[in-house]
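*Asks:* What follows is a structure written as C-alpha cells; I'll ask about it next.
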Amino acid sequence: MRKVSVLLLSLAFLLAFQVGSAFADSKLDDTIGKVIGVDYDYGGTTTGGFDCSGFTGYVFKKLGITLPRSSKEQFQRGKKVARADLRAGDLVFFNTSGHGVSHVGIYVGDGKFAHASFTRGVTIDSLSADYYVKRYIGARRVMDTDTYQEVATDPDVAAGADDESAAG
C-alpha cells in the first residue's frame, strides 16, 4: 500500500511540475515518468532500485546514450552548461558528501530535476530548494542538438512550430 501511495503522490508531483514545459510528452519525460517512485538502492541500476548515477544511466540508455557508471565520471562527460542555460536532459551535479561530485540528476525544465533520492527514491525536486542550492556544483550537456530535439522536446510542439514557420 505504501508503494502505491508513493507512486500516486509522485505521479501527481510529476504532472504538476511538467504542465507547460517543453519537456512534457517527450521521450525523456516518458522514460522518467515510468520510474518515478522506484526505491533507492545503493549500486542499483534497474527498476528494482536505483542509486543516483544508476538512475541517470538507465534513463539515458533507454534514449540510446551510454553514460559512465559513477556521478564523478558522468561529470567529466559532455559540455559545461551555465545554470541559466539549462535545458531538459542536462545532467545536474551536487556535492552531498563534502568530497566533490557525489550526486547527479536530470534537469526536466521549469527549475526542476529528476533524481534518485536516498530517502524518497526516484522523484522530482526543485533546484532552488535550499538543500540543493547549497550543494549545486554544475551541469553538463551530454546530448547534441539533434538528439535533444528527438528525445527531450514535445513532438507536437515541434511540429506546430514547423507548421507556423512554413506558413509565415
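Cβ coordinates come from backbone N, Cα and C, glycine included.
The domain 'NlpC/P60' feature in TrEMBL is assigned to 21-143. For 1-24, the entry in TrEMBL reads signal peptide.
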*Asks:* How do the residues of the domain 'NlpC/P60' (21-143) split into helix, strand and coil according to DSSP?
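*Replies:* Its residues fall into 31 helix, 37 strand, 55 coil.
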*Asks:* In this predicted model, what is the average pLDDT of the domain 'NlpC/P60' (21-143)?
*Replies:* 96
